[in-house]
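As structure tokens, the structure follows; a few thoughts come after it.
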Amino acid sequence: MPSLPNSDELIFFVNGKKVTEKNADPEVNLLFYLRKVLRLTGTKYACGEGSCGACTVMLSRYNPKTKAIHHFPATACLVPICSLHGAAVTTVEGVGSIKTRIHPVQERLAKCHGTQCGFCSPGMVMSIYTLLRNHPEPTPEQITEALGGNLCRCTGYRPIVESGKTFCVESTVCRVKGSGKCCMDQEDQSFVNRQEKICTKLYNEDEFQPFDPSQEPIFPPELIRMAEDPNKKRLTFQGERTTWISPVTLNDLLELRASFPTAPLVMGNTAVGPSIKFRDEFHPVFISPLGLPELYFVNTTDAGVTIGAGYSLAQLNDALRFIVSEQPKERTKTYRALLKHLRTLAGAQIRNMATLGGHVVNRPNFSDLNPILAAGNATINLMSKDGQRQIPLNGPFLEKSPGADLKPDEIVLSVSIPFSTQWHFVWGLRLAQRQENAFAIVNAGMSVKFEDSTNVIKELQMFYGSVARTVVSASQSCQQLIGRQWDDQMLSDACRWVLAELPIPPAAEGGMVEYKRTLIVSLLFKFYLKVRRGLNKMDPQKFPDIPEKFTSALEDFPIETPEGMQMFQCVDPCQPPQDPVGHPIMHQSAIKHATGEAIYIDDMPPVDQELFLAVVTSTRAHAKILSIDKSEALALPGVVDVITAEDVPGDNNHQGEILYARNKVICVGQIVCTVAADTYARAREAAKKVKIAYEDIEPRIITIEQALEHNSFLSVEKKIEQGDVEQAFKYVDQIIEGEVHVEGQEHFYMETQSILAIPKQEDKEMVLHLGTQFPTHVQEFVAAALNVPRSRIACHMKRTGGAFGGKVSKPALLGAVSAVAANKTGRPIRFILERGDDMLITAGRHPLLGRYKIGFMNNGVIKAADIEYYINGGCTLDESETVLEFIVLKSENAYCIPNFRCCGRPCKTNLPSNTAFRGFGFPQGMVVVEAYITAVASQCNLLPEEVREINMYKRISKTAYKKTFNPEPLRRCWKECLEKSSFYDRKLAAEEFNTKNYWKKRGLAVVPMKFTIGMPTAYYNQAAALVHIYLDGSVLVIHGGCEIGQGLYTKMIQVASRELNIPQSYIHLSETSTTTVPNAVFTAASMGTDINGKAVQNACQILMTRLHPIIRKNPKGKWEDWITKAFEDSISLSATGYFKGYQTNMDWEKEEGDAYPYFVYGASCSEVEVDCLTGAHKLLRTDIFIDAAFSINPALDIGQVEGAFIQGMGLYTTEELKYSPEGVLYSRGPNDYKIPTVTEIPEEFYVTLVRSRNPIAIYSSKGLGEAGMFLGSSVLFAIYDAVAAARRERGLTKTFALSSPATPEVIRMTCVDQFTDMIPRDDPSTFTPWSIHVS
């Protein structure tokens, strides 16, 4: 940061050390400063918009007025460093370190297996740690609330919550709901399985170090002295382009406001920060009144409460809680409505940063608080140099009417919220894609005041958010209703009038138009019921209560702390104690994950002369490139070069994958060029200045339907068939046909695609450090692009922050892009994709369209099935053909259908190329299977579970492609799932619940699974390993597998420990590299442990064979002695291990083969409750039974199953990718794309690893990395079951299409009722929708 005059010194503390920054730049945020200036890389970049929690730190400030120290969590990516004057920052490094001592929070997160890839772990640690600093003995609810702003893509959250719950005082042992007994005490065969002893504890709490809150670091005394200094002066920080001014008195603030009326007032930076980053806003001056005492107060009078504008939303929450506890209930209706929305608004970090004044004055159209404040008749207290005034926080203010707004020189001093009165009702209502940390799809604040002791409306107010560009008021409708009685006729008129007054245009931004219209009236109906219930409570004689069946509509779903149990086979007591195989061993990097000391690509220190790369991507789906003008970009300071297709010395189009677009673009998001500069900020700025002229080319194909219309495919049809399908259709009782759409999914690995490419001085060598599942593929692409032999390219892969298939093929293309830039500039290139670019460029899971025709008997037996699959492959082949083959081969799932035909093709469209994703087509394809099973059940008046059982494989059989298998473990998983989940009892209970509740319904579903691992091509199943024994007895193990969070390295240590008969502590794994194990295949298809384990085992056995004569001569000797002796005897202590691989094959001509080495079986039962008025759902319980054969590490395997299940649940429920009709992806970050949070996971979660035998695999284990993904569909089909119950009660058709994902929109609009019938509908031919489905 260059020195500029008039700049004050910025003083703050980081981890107890004083930081004095003489050249503080207002444009620099804390995350950048920690990582790039202070080199504290434990705090991670994952989204840059404050929505994922990976960059969570603890901020501490001293309040001279109260003499209290306030600790709170904050997302470092949104904290400008200039706002930190006088603050203390604690990062994960300041909490504990393996170099000194680790903190109990870090230890317990690791030992409870709450970390997999580890990228989110520092943020998780900081959220729990900050909670403990404020509440040393937290409640389970506080743990769940503290984690609400942190996303994890690997674990499924359960073990993270469990690690937090170990700090709670109350017992955290699972209790069977309501009974108070421990489920382990039940005299039941459930947990003791024949001869095998079942274990339920994955860690030992006795190993935890005690937590002593008195040992935490003290707040720096110097900061207390600074805060109490009576002669504080205004601070000015002058950056390169901007100035930051921090006033110290209210008058000073008003002077500044008058001088700079357009300068934003920055407190939490939760609105200004994202606007600068994502909307390219620029402000030359910032004014920050942070800490001004006049803005921080609570003042209670007889009329109500006034709260200072500087209060954070978390402080507002605490203040309102206190008032609610002190005041009579009838006076606090507005406050209670606000508290309900404050619980789910954003996450804890944002609630602690965003301020009441900022929220009120920014008036986001999605605000959850402003509609309630307006309904509660709040007023805003303003101040300027000319004095004070009050304005109402009402419709005109929220709608930004000029006369009702702030004057340019005014600031918000405080907000006054009056008490409610006896005959005054205030409520807030909202519905979002998920319960917490998601903008509302529609929200509302409503209030009604009655003439005393009557139900005659005296005043009525309704404010809606997210239905227009601002929060809007239905003031005309409310006016018309004054004097009316609060009855059904009033409701009917109100609904009609409000819909007319608040029209939503059919092409409105954000889409979901008919759903939003329905929510407007559904939320109004909820308010109507709540008020009816309130009136009845006040005078039951005068005001009749609402129907009993309607009462469940009153309450939102509660947020419960998840509970559960994990069951697995105990280790044989005869096994030697030193042998770690079968034990729930902690991930070998877990402690480093939790301390932030595990190094990821962007944590690597800067390389001399390195440059940063920013991408310029296509804005058109299909167009000619007429020109690329780089001149403006190249003229900017710090820009070294702009790299295009012309700069690729070798192959720019390798295997059909294009590095840099040449002459034309074939999707939005295709890389056209890259900019290399000395800082990322400069590279990004320059990338915006590159001007590209296009000319559109027809056709532009976006959806599968369009591809079918244009006959646009990426490969030939693949088909398998058995029996005589056409003949069978002639002899069945019934035939049904249907269509199922399954939309795509974003990988959302926490660490975006990251590459460091370093060109060497000689021999055209290049070294790449990157996160990948397939280093060989990267090596191949880079060598082809640079036109050098592969032996000159070294790819190093230590770990990556999640992958899920998204780092199989994409890093090769991106690695080649960066290598070309490194080659051209002759300097190292650091290429870290921003989240939005990553989501846009790399695409994800294939959207799928399935069509079926099923012939069956009235008793539910399916005789014939004819299935067609089409997937949206995007613009290049990538993995699409293989994904389609997998779908076709696995298309029968668990069912034996004698006459079966399945064919499919991948479609070529103008979308970014979809790629590998956990489950590899199976999670989409099998939804079609379970959908037709459900449809058959509906036609036969049977439960879907009965039809599943009737048609399930029962004896040793052949698949449709002629592979023989024994379904016994499938039957066992199915049977145990039905029994131990008490499915039939709970099904009856759900039916009883449904008869008593009209607006809420419960549904259950049990789904079986027959999954496969590995590849149908034998050479993709091979692996090699290299094991070195050093003279001190230590062992280095190297293999071709990649550590992506699944614990592969940990399992390889277990294998080597058993084979060499030495403690795990002797064994080290450093990294995977193309220089040590050449030609390694990808780490994917659930076979990482299978194949690399066999290779490591082979190498160890070779070494043990060599050592055998020495050990025989000295059987009582120590390992170290044997190694020394071997060296003296000139015996090689290094061995290459090799596994030829499973000898699989598939002949598509004959439609038969031994395509996969073995099956993984499982079953999952889920129960949900659905709110028919809003489409929200709550997952009450899930039971998973999965055939693990013999688990090498139950902790890792259960972690994989749970994580995959939650990821699958996301695919089928909340995760929705939105595309424009022109092929532009809208969903480019966690604000627009909702993966599950801690509140979405099952309230009760039970996972059992079922024992079987699998002699083909190492130690009779099975690969469980992907299998759990499809089991998430039990949630989809439970939702389907609940919706079917609602439709039955409303007299609607039996069968209906429920596509995936079952978002709140899909659920609500399928539960057809008087409100969905009431809304205006638009003719689709008259407008272009904002977004479309691409399946």
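Placement of Cβ uses the backbone N, Cα and C atoms for every residue, glycine included.
Pulled from TrEMBL:
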| type | residues | note |
| --- | --- | --- |
| ACT_SITE | Glu1266 | active site, proton acceptor |
| BINDING | Cys47, Cys52, Cys55, Cys77 | [2Fe-2S] cluster 1 binding site |
| BINDING | Cys117, Cys120, Cys152, Cys154 | [2Fe-2S] cluster 2 binding site |
| BINDING | Leu265, Val266, Met267, Gly268, Asn269, Thr270, Ala271, Val272, Asp368, Arg430 | FAD binding site |
| BINDING | Gln773, Phe804, Arg918, Ala1085 | Mo-molybdopterin binding site |
| BINDING | Phe920 | substrate binding site |
| DOMAIN | 427-531 | domain 'CO dehydrogenase flavoprotein C-terminal' |
| DOMAIN | 595-698 | domain 'Aldehyde oxidase/xanthine dehydrogenase a/b hammerhead' |
Report the nearest neighbour of Ala271 (FAD binding site) in space among the binding-site residues Cys52, Cys55, Cys77, Phe920, comparing Cα positions. Cys77
Around Cys52 ([2Fe-2S] cluster 1 binding site), which of the listed binding-site residues (Cys120, Cys152, Cys154, Met267, Asn269) come within 10 Å, judging by Cα atoms? Cys120, Cys152
Nearest to Met267 (FAD binding site) by Cα distance: which of the binding-site residues Cys55, Cys77, Cys117, Cys154, Ala1085 is it? Cys77
Tell me, how many other CB atoms lie within 10 A of the CB of Phe804 (Mo-molybdopterin binding site), whichever protein chain they belong to? 31
Under 8 Å by Cβ from Cys77 ([2Fe-2S] cluster 1 binding site), same chain, sequence gap 6 or more: Asn29, Leu30, Leu31, Tyr45, Cys47, Gly48, Glu49, Gly50, Cys55, Gly273
Given the Mo-molybdopterin binding site residues Gln773, Phe804, Arg918, Ala1085 in the record, what is the largest Cα to Cα distance, rounded to whole Å? 12
Residue pair Ala1085 (Mo-molybdopterin binding site), Cys154 ([2Fe-2S] cluster 2 binding site) - Cα distance, angstrom, rounded: 17
The binding-site residues listed are Asp368, Gln773, Phe804, Arg918; by CA-CA distance, the one closest to Cys152 ([2Fe-2S] cluster 2 binding site) is Phe804
C-beta crowding around Asn269 (FAD binding site), within 10 angstroms: 27
Whole-number Å distance between the CA of the residue listed as 'active site, proton acceptor' and the CA of Cys154 ([2Fe-2S] cluster 2 binding site)? 12
For a quick check of understanding: given the listed FAD-binding residues Leu265, Val266, Met267, Gly268, Asn269, Thr270, Ala271, Val272, Asp368, Arg430, what is the maximum Cα-Cα distance in angstrom, as an integer? 29
Restricting attention to the domain 'CO dehydrogenase flavoprotein C-terminal' (427-531), give the mean pLDDT. 98
What remains of the binding-site residues Cys117, Cys120, Gln773, Phe804 once a 10 Å Cα-Cα cut-off to Asn269 (FAD binding site) is applied is none
If you measure from the Cα of Cys154 ([2Fe-2S] cluster 2 binding site), which of the binding-site residues Asp368, Gln773, Phe804, Phe920 is the nearest? Phe804
When DSSP states are grouped into helix, strand and coil, how many residues of the domain 'Aldehyde oxidase/xanthine dehydrogenase a/b hammerhead' (595-698) land in each? 21 helix, 38 strand, 45 coil
Phe804 (Mo-molybdopterin binding site) versus Cys117 ([2Fe-2S] cluster 2 binding site) - Cα distance in angstrom: 11
Length of the line joining the Cα atoms of Phe804 (Mo-molybdopterin binding site) and Asp368 (FAD binding site), in Å: 34
Please report the number of other Cβ atoms within 10 Å of the Cβ of Leu265 (FAD binding site). 22
Among Cys120, Leu265, Asp368, which are recorded as binding-site residues, the nearest neighbour of Arg918 (Mo-molybdopterin binding site) by Cα: Cys120
Measuring Cα to Cα, tell me the gap between Leu265 (FAD binding site) and Cys120 ([2Fe-2S] cluster 2 binding site) in whole angstrom. 31
Specify all same-chain residues, apart from the site residues Cys117, Cys120, Cys152, Cys154, whose Cβ lies within 8 angstroms of the center of the Cβ atoms of the [2Fe-2S] cluster 2 site, ordered by sequence. Thr115, Gln116, Gly118, Phe119, Ser121, Arg153, Thr155, Met750, Gly801, Gly802, Gly1045
